[in-house]
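As annotated by Swiss-Prot, active site, proton acceptor applies to HIS43, GLU69. Per Swiss-Prot, active site, proton donor is recorded for HIS185. As annotated by Swiss-Prot, 3-amino-2-oxopropyl phosphate binding site applies to ASN7, ARG18, GLY186, GLY207, HIS208, with the evidence given as sequence analysis. Per Swiss-Prot, the feature 1-deoxy-D-xylulose 5-phosphate binding site maps to ASP9, HIS10, ARG45, HIS50, THR99. Per Swiss-Prot, site 'Transition state stabilizer' is recorded for GLU150.
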Amino acid sequence: MIRLGVNIDHVATLRNARGGTFPDPVAAAELAIASGADGITAHLREDRRHIRDADMPRLRALSAPLNFEMAATDEMVRIACDLRPHACCLVPEKRQEVTTEGGLDIVGQSEALKPKIARLRDAGIRVSLFIDPEARQIETAAALGAPVVELHTGAYALGGSEELERLRSAAGTVAACGLELHAGHGLTYDNVGAIADLTGLAELNIGHFLIGQAIFDGLGPVVRKMKSLINS
């Protein structure tokens, strides 16, 4: 069965638009878990534009595993090692971007990433790397000791059969390298099926669509439907 990680960042975006504490992303996470989510994903960005530091321990205390998305900075590594979530996913981060625009270039940053990955693993945290579906990136992830890669599906979500073929090829490389395969970004009811069919896929992390669709259908029904679709 493919696991569904629900990203609750944009509940925090809505909260922060007015200040205060409502809507509470932790309450949304609890509802997602009760509705079948296998885990919760939260991205504590350097600019704190949605998730706040105070949210993270509360999310860590929930019954489902927490996947802490983070930039590969000394500050975030320290926070993660103190928090000790189930998993950390290292992602690229630019202050001017609206959302994560591509995968982490681990080939170009391998020397800087190696000690950070080692420190997180020494803290008992499962490390994943959010990367584009390229063989060199996947092979470098394996060489760096990361047990998981999350393939960036954003280009596929924008359309194009060529992108799906890249993802299929990448899934084969992930398997050949002995890594666990995750995927995410831009996935919806309409496009998730082909990604769920990738060979060896263990987990999907989906956020923006689920929170947006929940405005119309409610978060519980949306999570249940997505969980059903990815395992049908």
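Just so you know, the numbers here start at 1 and follow the chain as drawn.
Backbone N, Cα and C define each Cβ position, glycine as well.
On the structure: features taken from Swiss-Prot.
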residue : record                                      : contacts (Cβ under 8 Å, 6+ apart)
ASN7    : 3-amino-2-oxopropyl phosphate binding site  : ILE40, THR41, ALA42, HIS43, GLU69, GLY184, ASN205, ILE206, GLY207, HIS208, LEU210, ILE211
ASP9    : 1-deoxy-D-xylulose 5-phosphate binding site : PRO25, THR41, ALA42, HIS43, HIS50, ILE51, GLY207, HIS208
HIS10   : 1-deoxy-D-xylulose 5-phosphate binding site : HIS50, GLY207, HIS208, ILE211, GLY212
ARG18   : 3-amino-2-oxopropyl phosphate binding site  : none
ARG45   : 1-deoxy-D-xylulose 5-phosphate binding site : ILE51, ALA71, GLU93
GLU150  : site 'Transition state stabilizer'          : CYS89, SER128, LEU129, PHE130, ILE131, HIS182, ALA183, GLY184, GLU203, ASN205
GLY186  : 3-amino-2-oxopropyl phosphate binding site  : THR153, GLY154, TYR156, ALA157, LEU158, HIS208, PHE209
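Taking the recorded positions HIS43, HIS50, HIS185, HIS208 in turn, the residue surrounded by the fewest other Cβ atoms inside 10 Å of its Cβ turns out to be HIS208. For GLY207 (3-amino-2-oxopropyl phosphate binding site), the Cβ neighbour count at a 10 Å cut-off comes to 23, with all displayed protein chains included.
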